[in-house]
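Take a look at the structure set out below.
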Amino acid sequence: MLMIIFAWISVFPTILLSPPKHLWALVTGQGFLITLFSLAWIFLQDFNFANSLFLIDKISGPLAILTCWLFPLTMLASQSKMRLEPINRQQTYIANITFLQLTTLLAFTTPDLMLFFIFFEASLVPTMIVITRWGAQERRLEAGMYLAFYTMMGAIPLMIWIIKFYSTHGSLLPTLTHTLHITQALTNYPGLFWATYNAAFLVKLPMYCLHLWLPKAHVEAPIAGSMILAGTLLKLGGYGILRTSPLLQENNLNQTLFIMLIAILGILATALLCLRQTDLKSLIAMSSVSHMNLVVAAALISSPWSYSGAMAMMIAHGLTSSALFCLANTSYERTNSRTMILLRGTLMIFPLAGAWWLIIMLLNMALPPTINFAGEVLIMISLFNWSPLAFLIVALNLIFTTAYTLYVLWSTQRGPLPNHIKTLFPYQIREHLLLLLHILPGLLLILNPEIIF
């Protein structure tokens, strides 16, 4: 754990001491270097390494890799806008993003649940700072308030439950917790209990009905905030549910049926809401709510298949939705607008960007043989195994997903060419590289998907 902290803290001296001209290049390079080392180390350990302060297994390993990988990509993405600010603000921004990335990474790799809770909540602070300080619009303070209050309200029952657990059993280390569910006393309302102690995770994911902070936060956040929020912070919720589920006795689904219904309806409702959005970033945020509700449904079924499906879904979604936010940001930097109707016809001028839009939207739609498709299929099969009716309802989601994918492609790429688009400057190599580095891990995982199952 100390090694990881020191590796990422070594970015801070770089920020302070590097000359303003080379600041972004040096930080990005160092980020890639550290990521490469940590990747090599995790693969050498073969995804299982346990210590009293550090844990890499099949659940936390892929997510830790994803977190490390997204940091240099955020640095690549936010250069063009941030270069115009004074140098001390740029340094503060980079330090903030580094700190955010470090807290999420530590949350993914701590075995102790109390430490996990602390880092889970600590990641809220830099997110708030990034959104409320570097956000684009006037409503960013409101978005920060939404984010803070939703997260804090959800976290209270979780904290009480963790403290009670700690006081009765004296330890929260995973070596003990695998057997602890035998000693758990039965509660009167297991479904309600599950919902209350997972409330923090369900808000973070977010479950439908608790998702109102997400479109706000995404729309107001700068690009790095959006990427990290979509890529890793949403995954903290899913990771928490998967990590704490062994602590309970097997919850039968009749108890948590209500939450299952909300998740299934949420998958459909948010996919339909996507068809009504005019704001590009808001649409991407809504589609990620739809994907994350699939993860909630999978976690409720809690069979090995649905768990591996949820894992694959989280990794794939982290890559594709982050890439989508990058794409939305590239067009936003050129036109200063996120309204889709103002961006139409860009296929004529940016054909390569049109190709990126097509590829990434198809990935988001879960086209076979992508890893998104693998995750969705695993979740769908375990749903079918539980109830064929539920499977049929969720299968409608495929139609709606295709519908809003086509809606995005038609409204941003096709159509008559407005005059204000004709003068825009072309895509830089940096942006193509950024999108390539998002999509490449997804394509490589097609060849070897058992890493993340």
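Note: Cβ is positioned from N, Cα and C throughout, glycine not excepted.
Per TrEMBL, domain 'NADH:ubiquinone oxidoreductase chain 4 N-terminal' is recorded for 1-106.
For 111-395, the entry in TrEMBL reads domain 'NADH:quinone oxidoreductase/Mrp antiporter transmembrane'.
The transmembrane segment annotation in TrEMBL covers 23-44 (among others).
Tertiary proximity for the transmembrane segment (59-78) is limited to same-chain residues at least six positions away from its ends with a CB under 8 Å from its CB atoms, namely 24, 27-28, 31-32, 34-35, 38-39, 42, 47, 93-94, 97-98, 101, 104-105, 108-109, 222-224, 227-228, 231-232, 235, 239, 242-243, 311, 314-315, 318-319, 322, 326, 329, 430, 433-434, 437-438, 441, 451-452. Summarising the annotation, TrEMBL assigns transmembrane segment to 59-78 (among others).
The transmembrane segment annotation in TrEMBL covers 114-131 (among others).
What TrEMBL lists as transmembrane segment is 143-163 (among others). Cβ atoms under 8 Å from those of the transmembrane segment (143-163) belong to residues 113-114, 117, 120-121, 124, 127-128, 131-132, 135, 172, 196-204, 206, 210, 212-213, 216-217, 219-221 of the same chain, restricted to positions at least 6 beyond its ends.
Within the chain, the transmembrane segment (192-214) has long-range Cβ neighbours (under 8 A, six or more residues past its boundaries) at 120, 143, 146-147, 150-151, 153-155, 157-158, 161, 233-234, 236-238, 240-241, 244, 248, 251, 255-256, 258-259, 262-263, 265-267, 269-270, 285, 288-289, 292-293, 295-296. Annotation comment: TrEMBL describes 192-214 (among others) as transmembrane segment.
Positions annotated as transmembrane segment by TrEMBL: 221-242 (among others).
The transmembrane segment annotation in TrEMBL covers 257-275 (among others).
Residues annotated as transmembrane segment in TrEMBL: 282-301 (among others).
Residues or ranges marked as transmembrane segment in TrEMBL: 307-329 (among others). Taking Cβ pairs closer than 8 Å, the transmembrane segment (307-329) reaches residues 58-59, 62-63, 66, 70, 73, 77, 218, 223, 226-227, 230-232, 234-235, 238-239, 242, 280-281, 284, 287-288, 291-292, 294-295, 298-299, 338, 353, 356-357, 360-361, 363-364, 370-372, 374-379, 381-382, 431, 434-435, 438-439, 441-442, 445, 449, 452-453 in its own chain, all 6 or more past its ends.
TrEMBL lists 341-366 (among others) with the feature transmembrane segment. For the transmembrane segment (341-366), same-chain residues at least 6 beyond its ends with a Cβ under 8 Å from one of its own Cβ atoms are 278, 280, 287, 316, 319-321, 323-324, 327, 330-331, 335, 372-373, 375-376, 398, 401-402, 405, 408-409, 411-418, 420-422, 424, 426-427, 432, 435, 438-439, 442.
The transmembrane segment annotation in TrEMBL covers 386-412 (among others).
Positions annotated as transmembrane segment by TrEMBL: 433-452 (among others). When Cβ-Cβ distances below 8 Å are used as the criterion, the transmembrane segment (433-452) is approached by residues 47, 58, 62, 69, 73, 76-77, 308, 311-312, 315-316, 319-320, 322-323, 326-327, 356, 359-360, 363, 369-372, 374 of the same chain, each at least six residues removed from its ends.
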Any chance you could find the range in 23-44, 221-242, 257-275, 386-412 with the most Cβ pairs under 8 Å to the transmembrane segment (114-131)?
221-242
Counting Cβ pairs under 8 Å to the transmembrane segment (386-412), which of 221-242, 257-275, 282-301 comes out on top?
257-275
Three-state composition of the domain 'NADH:ubiquinone oxidoreductase chain 4 N-terminal' (1-106), taking helix and strand from DSSP:
82 helix, 4 strand, 20 coil
